[in-house]
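Working notes for the structure below.
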Amino acid sequence: MGIKVYGPAASTNVARVLVCLEEVGAEYELVPVDMPSGEHKRPEHLARNPFGQVPAFQDGDMMLSESRAIAKYILRKGGSQLLRECNLSESAIVDVWLEVEAAQFSSAMSPIIFQCFVIPIVMGGKPDMKVVEENLEKLKKALEVYEARLSKFKYLAGEFVSLADISHFPTAHYLLGSPHASAIDAYPHVKAWIADIMARPSVKKVRELMKMASA
């Protein structure tokens, strides 16, 4: 039994897992989960992810949930340097910025993605611009910190690319495709950093999968 990833590629959390599989060159099967019909809340999927979310990840008898934990598992198994676990201080900084990505960047972007993509495209509704504006302000405050950091280092954890950087790509993908892409224009180091991450072959491949899933 090989690696299976359960969930749509358009999901930011699924995309985070897929890009790590691409980084280590692993073979995998992407198993669709029909979110609009509620398939993720049915018993079969709850057995894989008890919170009824995506992704669920299977590697033989190993079943995992939570995208960042899955990402670390994939990179460790694949012997990737994206965690910098050969260096205690560097790996600690990677962990710090991975936490920042979850708590600051993605937490601000998730409501924006929901309002700008899920509500109009999937649900046929109108976005709540107050929610969008509030979270854009949160995002901008985070980007000020990122800009300061990236003015000193090429990547978030130092002069080396890491999971902390790559983990941002799924939400950044949606930011760039939204009406609010210009939010990064005021932060030239952030803009260059995002462009750098988006140019990685692994990211390019998964972005294509995301686009096809969203079409």
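From the backbone N, Cα and C atoms, a Cβ is placed for every residue, glycine too.
Residues or ranges marked as domain 'GST N-terminal' by TrEMBL: 1-82.
According to DSSP, the domain 'GST C-terminal' (87-215) comprises 98 helix, 2 strand, 29 coil. Positions annotated as domain 'GST C-terminal' by TrEMBL: 87-215.
Only residues 6 or more beyond the boundaries of the coiled coil (129-156), in the same chain, are considered here, and those with a CB under 8 A from a CB of the stretch are 93, 97, 100, 104-105, 107-109, 111-112, 115-116, 162, 164-165, 180, 183-184, 186-190, 192-193, 196. Marked as coiled coil by TrEMBL: 129-156.
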### Query
So how many of the residues in the domain 'GST N-terminal' (1-82) end up helix, strand or coil by DSSP?
31 helix, 16 strand, 35 coil
